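As structure tokens, the structure follows; a few thoughts come after it.
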Amino acid sequence: MTLDGFDTGATAWVLASSALVLLMTPGVAFLYGGMVRSKNVLSTMMMSFIAMAVVGVCWIALGYSLAFGDANPFFGGLDFAGLSDMGAPVPGFEGDSALAIPPIVFVGFQMMFAVITGALLTGSAAERWRFGSCVVFLAVWSLLVYAPIAHWVFSPHGWAASMGSLDFAGGTVVHCNAGACGLALAFVLGKREPRDADIDGHNKPFVMMGAALLWFGWFGFNAGSALNANELAGYAFVNTNAAACAAMLSWLAMERFVIEGRRATSVGAASGAIAGLVAITPCAGFVGPRSALAVGLLAGGLCALAVHVIGGFVDDAADVAGIHLIGGVVGALSVGLFADRSINPAGRDGLFFGGGIDLLIDQAVVVAAVTAFAFAATLGIAALQEFLSRGARVTDDQETPGLDWSIHGEKPYDFD
């Protein structure tokens, strides 16, 4: 069934998927809120919620136009600023490549990707990032970092897409980007106080509930990226679940048999599932289910090790770099190994399916470019904030009692 030339079934599916992706941001809030101390749970959750507001407004004002406009291979123009000219096709999706959904539906779907990327990176800075600094950073970052990277990879006119690299749902745009930005923020802000303490999260049920919401929403994230209700969406759906399951098992195995402590933990189960979901994101519509299991197994084990190693050098409060950066890298490179044109004829064959090494090289180039740009740009924005304002980090007098009370004037739990 069609309406004004668009497929109503596809439109309904992408609208529903957009709502699922939006639900992931509160999931991030619960996940991160459980991973910090009780005195900072509200401030940590607030950073995810404020990302919805700040990035959502910026996306409508300029972000979409900068990401999908047709200026050059590096960033879009201002053709669609304020979402003007929504009657025109999305640049690069004309003729035989025309979308089955109205452009405004595509705008809404892509907006949710920008929002959750902003929410994800805040976890690295939890418990010591000044709220006002976070708000300003997210606004600048959404326009100067996220939008250009989205243009490179998602827009058919972007240099990464033009060279033939593949990213089905944002392994580089969302996860490598968020992980690299989070790592840079953790470097800039330094360790939480007390600096020599082994800080543990206060609410493991929050962590598991957040992971559950993310897992549920990820079906919209990946299967919705087919931009149609078809067989490809079905593969993306099944692959998403397969990778999450395999990664949870491999993460728990690493905890039980390799990593110090030798116990399978609830946080490990949640983190493992998320690592698998991250890694399958760029692969979801390009690989078969057996390959998805392999991607998940790789991601779970490697991300578990990465979190353990990175934690020895950087205070990444929510393990954003270890899970999203490393998971995004594993997933993007896995496309170069496992991509199969029998699953998606619009893709390319990877190394293990007779395609040679060319796709793997293209994937590595894009991973390196996205990671380096996101990391360097975040350092630049943070340095500019330090120069122009009071600095990005809260004072000791604010950090000691906790940001929930000192910044927001609220208590998360009141049992009186």
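Our numbering is plain: 1 for the first residue shown, then up by one each step along the chain.
A Cβ is built for glycine as well, from the same backbone N, Cα and C atoms used for every other residue.
As annotated by TrEMBL, transmembrane segment applies to 12-33 (among others).
According to TrEMBL, the domain 'Ammonium transporter AmtB-like' annotation covers 12-413.
The annotation transmembrane segment is assigned in TrEMBL to 45-67 (among others). Remote same-chain partners of the transmembrane segment (45-67), defined as residues 6 or more beyond its termini with a Cβ less than 8 Å from a stretch Cβ, comprise 22, 25-26, 28-30, 32-33, 75-83, 107, 110-111, 114-119, 122, 125-126, 129, 131, 134-135, 138-139, 142-143, 146-148, 150-151, 154-155, 408.
Counting only same-chain residues 6+ beyond the ends of the transmembrane segment (99-122), those with a CB under 8 A from a CB of the stretch are 4, 6-7, 10-11, 14-15, 17-18, 21-22, 24-25, 28-29, 32, 44, 47-48, 51-52, 54-56, 58-60, 63-64, 67-68, 83, 86-90, 93, 129, 134, 138, 141-142, 146-147, 150, 154, 170, 173-175, 177-179, 181-182, 185, 221, 224, 227-228, 320, 324. Among the features that TrEMBL reports, transmembrane segment is placed at 99-122 (among others).
Annotation comment: TrEMBL describes 134-154 (among others) as transmembrane segment. Listed as Cβ neighbours of the transmembrane segment (134-154) (distance under 8 Å, sequence separation of 6 or more from its ends, same chain) are residues 47, 50-51, 54-55, 58-59, 62-63, 66-69, 73-76, 110, 113-114, 117-118, 121-122, 125, 160-161, 165, 167, 170, 172-173, 177, 181, 366, 369-370, 373-374, 377-378, 381-382, 385, 389, 392.
Feature annotation from TrEMBL assigns transmembrane segment to 166-190 (among others). Counting only same-chain residues 6+ beyond the ends of the transmembrane segment (166-190), those with a CB under 8 A from a CB of the stretch are 113, 116-117, 120-125, 128-129, 141, 145-146, 149-150, 153-154, 160, 221-222, 224-225, 236, 278-279, 281-286, 310, 314-318, 320-321, 323-329, 331-332, 335, 339, 347-348, 359, 363, 366-367, 370-372, 374-379, 382-383, 386, 392-393.
Residues or ranges marked as transmembrane segment in TrEMBL: 202-221 (among others).
The transmembrane segment annotation in TrEMBL covers 233-254 (among others).
Marked as transmembrane segment by TrEMBL: 266-287 (among others).
Nonlocal intrachain contacts for the transmembrane segment (293-314), taken as residues 6+ away from its ends with a CB within less than 8 angstroms of a stretch CB, comprise 183, 186-187, 242-255, 258-260, 268, 271-272, 275-276, 278-280, 283, 287, 321-323, 326-327, 330-331, 334, 338. What TrEMBL lists as transmembrane segment is 293-314 (among others).
If you look up TrEMBL, you'll see 321-339 (among others) marked as transmembrane segment. Within the same chain, residues 120, 124, 166-168, 171-172, 174-180, 182-183, 186, 271, 274-276, 278-283, 286-288, 291, 294-295, 298-299, 302-303, 306-311, 314, 347-353, 355, 357, 359-364, 366-367, 371 sit at least 6 positions outside the transmembrane segment (321-339) and bring their C-beta atoms closer than 8 Å to a C-beta of that stretch.
Summarising the annotation, TrEMBL assigns transmembrane segment to 359-384 (among others).
Scored on C-beta pairs under 8 angstroms, the neighbour of the transmembrane segment (233-254) with the top count among 12-33, 202-221, 359-384 is 202-221.
Listed as Cβ neighbours of the transmembrane segment (266-287) (distance under 8 Å, sequence separation of 6 or more from its ends, same chain) are residues 31, 35, 166-172, 174-175, 201, 204, 207-208, 210-211, 214-215, 218, 221-223, 225-226, 232, 235-236, 239-240, 242-252, 255, 295-296, 298-300, 303-304, 307, 319, 323-324, 326-328, 330-332, 334-335, 338-340, 343-344, 347. The predicted model assigns the domain 'Ammonium transporter AmtB-like' (12-413) a mean pLDDT of 96.
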